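The active site, nucleophile annotation in TrEMBL covers Asp44. For Asp44, Asp46, Asp256, the entry in TrEMBL reads Mg(2+) binding site. For Asp46, the entry in TrEMBL reads active site, proton donor. Per TrEMBL, substrate binding site is recorded for Lys231.
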Amino acid sequence: MTVVAADAAVSQVDAAAAAASTRPRCSTEDMLQLLQDYDCWVFDLDGTIWRGNEVIEGVLEALELLRKLGKKVLFMTNNSMKSRGSYLDKCLQDDIYCSSYSAAAYLDSIGFDRSKKAYVVGERGIMQELAAVGIESFGGPDDNEKRASFSSEMLHDTQVGAVVCGVDPNLSYYKVQYASMCLLLNPGCLFIATNTDARGHFTPNLEWAGAGATVGAIKGVVERDPIVTGKPSPFLMQDIAAKHNVQPAKSIMVGDRLDTDILWGLNTGMATLLVMTGVTDEQLLVAQRGSSNGVKPHFVMDSFGDLRRVAQQALQQQK
């Protein structure tokens with residue numbers, strides 16, 4: 001049934017995949033089996049649904065066919081620059097999980113002290129999600145023009161209880177220094193990363209430095225690891241399962257990154273489908289297949305748009 005061998009120890013889904021044959025891409029039979037086996041489909045966005053502002057050919061039609069087949073369709077992106085509300089016009093639905101939301105949801109889940117504040121190194125989406133759960137924040141784009149000077153004393157807010165980092169196109173020495181002071185000088189201050197992606201397709205034809213650049217700069221100063229709330233952390237799957245009544249064993253994660261999308265699926269007991277429209281190229285996929293500890297997806301497609309023909313066939317058979 002499956003096209004790529006998987007580690008049987010991860011889950012029952014993996015055991016089934018490991019027992020099957022290996023081929024480079026999904027066949028028509030494989031796609032029909034996917035449609036039969038999985039009730040919930042969770043999608044990455046950048047590199048899977050679109051690249052920059054351009055929707056990948058055939059993907060929207062395939063998504064609509066999934067819905068017509070009665071499948072639950074959810075979206076999970078590590079892009080923290082926007083809040084969930086910012087994606088609604090683009091996705092035309094409400095079932096969106098982004099890493100800016102994951103950071104706020106995590107702080108809310110641990111009972112973050114609302115008398116404390118969060119300092120944000122990232123974009124407005126993080127601040128909007130924090131506000132939605134009643135957490136006061138500052139920094140973010142409001143600090144884009146601020147500069148650190150060795151010739152003057154630099155003060156920080158002692159009421160900062162968390163530093164939340166995401167991708168920041170305006171990352172500066174000031175932001176790194178301010179965040180580091182909060183983490184080093186405020187007792188118990190939490191170091192939260194929406195994600196640690198190295199790169200992202202924020203425009204159609206070019207990869208840009210991701211949140212890993214932001215997190216790495218601060219980590220290099222404070223010499224401690226952050227709490228990562230987005231993919232591949234399993235935190236959000238608990239939230240998804242509770243809100244949507246879905247079972248990981250009947251769910252499949254579709255994404256373009258091995259180290260986040262596919263690893264997140266494996267970490268949470270879902271089946272995994274890698275699409276080759278984003279950051280993973282053939283050389284990296286082959287290297288992972290050949291590695292004893294590589295991240296191996298259960299299924300591979302050139303593009304998720306390839307499913308539309310088979311989904312249309314399945315829908316006709318259902319009528």
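Even glycines carry a Cβ here, placed using N, Cα and C.
Note that TrEMBL annotation is computational and uncurated.
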In the same chain, which residues outside the set Asp44, Asp46, Asp256 have their CB within 8 A of the centroid of the CB atoms that define the Mg(2+) site?
Leu45, Gly47, Thr48, Ile49, Thr77, His201, Gly255, Arg257, Asp261, Val275, Gly278, Val279
For Asp46 (Mg(2+) binding site), write down the residues of its own chain that are at least 6 apart in sequence and whose Cβ falls under 8 Å from its Cβ; none is a fine answer.
Thr77, Asn79, Gly200, His201, Phe202, Asp256, Gly278
Far apart in sequence but close in space: which same-chain residues, 6 or more away, have a Cβ under 8 Å from the residue listed as 'substrate binding site'?
Asp44, Met76, Asn78, Ser99, Asn195, Gly255, Arg257, Thr260, Asp261, Leu263, Trp264
For Asp44 (active site, nucleophile), what is the tally of other C-beta atoms lying within 10 angstroms of its C-beta?
25
What is the Cβ neighbour count of Asp256 (Mg(2+) binding site) at a 10 Å cut-off, with all protein chains included?
25
